[in-house]
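Structure record follows, encoded as structure tokens.
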């Protein structure tokens, strides 16, 4: 039987050879599927074939058909390789055998690759094509799993790391698992090594070609998998011990950071961003952390801080911060019952449920969300419903009542506030006491108390609504020996009530500072308003008291003289006479005048404090938020405004300061007059004649006209309209997301009443309740017991150290053992400290020794739902061009597999026919021999 030419040999000759037997039929069957890589127009030069060397038939139709098929195959190859293929010749360093091997690996010709790997011992499996890619890279790029597995069995295979990164980027899970089973990843060190570290070791493990790597030099497999949101691949890498190292602090001055910054600052910044992209990936957050909610919240805040530090990458960091926030919102959205919502909002549910009968969720995660401005998380319906149930604690029936009923409840609480306070003093654990401890009742009680305080401020000025009874140039006394200042500086009963309210509010603020700490207290702007209001009230009352004290001293001098009966008939000394003068004759720095001025400012701030409770209402809440944003815009605008204002004020003053008394008015002649004129010019209340001079100095006057006109154009037309545009933009931002903004502001208001304590409103909080005294005694007892235990523990440690010293002194065996045990304990302590720092990122594979708590079970359920939802969303995306290309590659690979199966079947059939023919030919011979 004639054999076909060598399976891997080039085509020779110009006419088709006639081959007999099964081999000819086998080659004919491959004529339509295994084509040459090129075909000339007339001649037939030596061409590489994909499969076994085909025999051509002599008919013109068959030759024409083959040419058309080859041209189609060639066009597909050009399309796959891109335009660069048309401008790059085949590498002269490659043999025809290597070219055929690379083509077979690229197009999924499994039979050829297997046969060449088995039979061609001189084949270089690391040979590269015109683009510098070897067979492994080509097979992975075209998703040929079987070829990848065949190549991975070869020793000294290069660029395995780049193939892994390529498979991760394309999401080929099975290929990734196959590559990870390679001996190079047995120890796990390669997974933690980036391409840049491999280059330092002069290793081409992650190299794409001789020029460098395919991906960024700092990208490790786990970082790339996190970037691509490949959950299954991330899980596989995590199980093999891969982790993403958190970048050092931005201001870190360690030797490693300094070296990277000096060598290439841009690469250092990009490596930090790539690491944070991996850490902020939902795939990595959900699979790597024991507490993904806590990790995501902390990371979102860290990224927001970096966005303000690294301005050049601000958008990247803000996007990553928002990605972490969206991840937390996604987990909250997947909750199906109250227990799961509580687990996300509180953290470890079991620990906090063990607090006692009066359990109230601590909402530790929600505190962080409010602190880090995760507004969508706080405003989520699941979170809001949980907050609403806590808000109406012990008053669940009031939640469904109408607004009229709620208003009546508020009115009843305001009227009966003294009675409710009395009940809570003596029976804090009664039913009424529990109702008073509820957040809603605390809010109503505090709001009613503050409303009464504002009413007192109004009533304190009610006697002057129709005008003061004593004119500024008049004096009035109750009796003949009384000084006028004794009547005006003494405190009325209304003012004494106001002082009691102010002292109560100061005490409440002191308790809040003690509870929260100074840093957290100053973080809230409303606390700054309260602090300013109370400080001004206190300064006003102190100044008023000083005026009263000085007047009392003068009055005591009068009272000590029994001969004085009527002050109007005697001449008083200077130290006494002043306190009997009319208001218009008082010193400008008189304590009572200062007190009245400060009191007026404090009253304005007190009424502005009403805005704090406006977020409780859906109608007024967005308006209050817009007002707060407007105030921020005004402060930003004031920087530019002050620069322009001061420039023109100093310029106009320098121009007109020499013309005092020579102008039609005093504008711009002094700094004070310059300020007044320019300030009121903003509102159109300054006159044009402010720049006119009475003398014939036209040059100065014309310059004044020009500067004054430029000022009005700049301030009124440009800057004021810019301020209006800024305010309008801020209001539109609030309006576009009004529901989220309002719910977030309302949650912040509610949260201030969720904490234990501050049950009694002002001024009833000044009287210590029996409950407070009881808790104070308990704390003192606990402190004293801890103090004695500390001394006792210190004595025990001293005794133990003495024993050890005696053991060393007398040479007792085991002293070295004790020292080794002590050093071991120290090492274990240091190790536990480091592990606690990394606990939020590392897996704790101790579920067999430490069974998971309820919180861990809940988080595991939520993470499963999140991963499944992410996979469903990914699968529901439309088929893109890359997926169509993958389908083509699969069809191409299937073609070669079918051909191999057909060839094998043909060989088996030919063998059966041969055996059958031999058997049939042997039967006549046996019959003849039998005869």
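Residue numbers in this text run from 1 along the chain shown.
Just so you know, glycine gets a Cβ as well, placed from its N, Cα and C.
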Where Swiss-Prot marks N-linked glycosylation site, which residue is it, choosing among 394, 617, 728?
617
Looking at 354-374, 522-542, 543-563, I want to know which stretch Swiss-Prot calls transmembrane segment.
522-542
Going by Swiss-Prot, do residue 207 and residue 518 end up on one side of the membrane?
no
Would you list the DSSP helix, strand and coil counts for the residues of the repeat 'ANK 4' (618-647)?
27 helix, 0 strand, 3 coil
The topological domain 'Extracellular' (696-706): DSSP-derived helix, strand, coil residue counts:
9 helix, 0 strand, 2 coil
In terms of Cβ proximity under 8 Å, which residues at least six beyond the ends of the transmembrane segment (675-695) contact it?
645, 648-649, 652, 656, 659, 662-665, 667-668, 701, 704-705, 708, 711-712, 715-716, 720
Let me know the model's mean pLDDT on the repeat 'ANK 1' (131-160).
89
Residue distribution over DSSP helix, strand and coil in the topological domain 'Cytoplasmic' (543-592):
33 helix, 0 strand, 17 coil
Surrounding residues of the topological domain 'Extracellular' (509-521) on its own chain - C-beta under 8 Å, 6+ positions past either end:
527, 530-531, 534, 755, 757-758
Who are the chain neighbours of the transmembrane segment (637-657) in space, where the CB to CB distance is under 8 Å and they lie at least 6 residues beyond its ends?
663, 667-671, 674-675, 677-679, 691, 693, 700, 703-704, 707-708, 710-711, 714-715, 719, 722-723, 726
List, by number or range, the same-chain residues at least 6 past the transmembrane segment (439-459) whose CB is under 8 A from its CB atoms?
390-395, 398, 409-410, 413-414, 417, 420, 494, 497-498, 501, 603, 606-607, 609-610, 613, 616, 749-750, 753-754, 758-764
DSSP helix, strand and coil counts for the topological domain 'Cytoplasmic' (460-487)?
8 helix, 0 strand, 20 coil
